Amino acid sequence: MRPAFAVGLVFAGCCSNVIFLELLARKHPGCGNIVTFAQFLFIAVEGFLFEADLGRKPPAIPIRYYAVMVTMFFTVSVVNNYALNLNIAMPLHMIFRSGSLIANMILGIIILKKRYSIFKYTSIALVSVGIFICTFMSAKQVTSQSSMSENDGFQAFAWWLLGKYSIGALTFALLMSARMGIFQETLYKQFGKHSKEALFYNHALPLPGFIFLASDIYDHAVLFNKSELYQLPVIGVTIPIMWFYLLVNVITQYVCVRGVFMLTTECASLTVTLVVTLRKFVSLIFSILYFQNPFTLWHWLGTLFVFIGTLMYTEVWNNIGTTWSQPQKDDKKN
């Protein structure tokens, strides 16, 4: 019952979170910092009340390790949200972040000296090709909206990679996120798994860092105040609609994070990876259909490569075959 409930939280929380993030970004593309701050503040306050017991509960993992983890986590969160300022469409944003398996494998080979099967190397190739196709085609679309011609596709890709519409922000966040995952893996092996505690410190410790973003956060708060008014259902209170979008985004982000945490404690990592992958796919499809984001046949091909490669990496088909063969063996014994 709890795993099914956790899956429901992941799909409901994460998918709806993407919807309201896009609603915010479409109106104010540079609102990433205020969204990140609101999410961090809400989760930190909740963790301080219920996990840290108002600061009376000492951490199981020394603070110095959390300081390193938090630096990585804060950087990844800010860069991912700031990427919305760089003319990157939400579907491409989600697809690119789905390539975390690649970054994790590369850094695992370099840092942890891991070795993988040909099957998993093939999955990496598929995801890499899928991301390249989507990035290249989106670069051409960005250029076609400006003065460059469609024939300058490669120049557009290079310009987007290195210049004003830099995809380098997402690349950096991808690699940093993978490095954080490896750091967490080694940390949990040493001190044991304390995911809920890590969730609190990862959101509480970076809060002072938002001082450097205070001006941008304040400017967008002013812009939010100037947005059209919206009457909240049931209670009838009227607030600016951008604040309503932000409120729902923060709540759904909390539901999403808690759902993933609950799923991690109830299911195998393979199941968690599969659920998160399917959730990304559902979010992607909804974003394309509902918001009418530009998506060509090439984008669909790239998307297919990314998700097939992700499923190959998790060895879903092998495990499904094992699951189906097990009941048949039991029937023969009976």
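These residue numbers are counts, starting from 1, taken along the chain as shown.
Each Cβ is built from the backbone N, Cα and C atoms, and glycine gets one as well.
As recorded in TrEMBL, the features of this protein are as follows:
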{"type": "TRANSMEM", "residues": "32-51", "note": "transmembrane segment"}
{"type": "TRANSMEM", "residues": "63-83", "note": "transmembrane segment"}
{"type": "TRANSMEM", "residues": "95-112", "note": "transmembrane segment"}
{"type": "TRANSMEM", "residues": "119-139", "note": "transmembrane segment"}
{"type": "TRANSMEM", "residues": "159-178", "note": "transmembrane segment"}
{"type": "TRANSMEM", "residues": "199-218", "note": "transmembrane segment"}
{"type": "TRANSMEM", "residues": "230-255", "note": "transmembrane segment"}
{"type": "TRANSMEM", "residues": "267-291", "note": "transmembrane segment"}
{"type": "TRANSMEM", "residues": "297-316", "note": "transmembrane segment"}
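Counting C-beta pairs under 8 angstroms (sequence separation of 6 or more), the transmembrane segment (32-51) fails to reach the transmembrane segment (119-139), with fewer than 3 such pairs.
Under 8 Å from some Cβ of the transmembrane segment (63-83) lie the Cβ atoms of residues 32-33, 35-36, 39-40, 93, 97, 169-170, 172-173, 176-177, 179-180, 183-184, 187, 191, 198, 201-202, 205-206, 209, 213, all in the same chain and six or more residues away from its ends.
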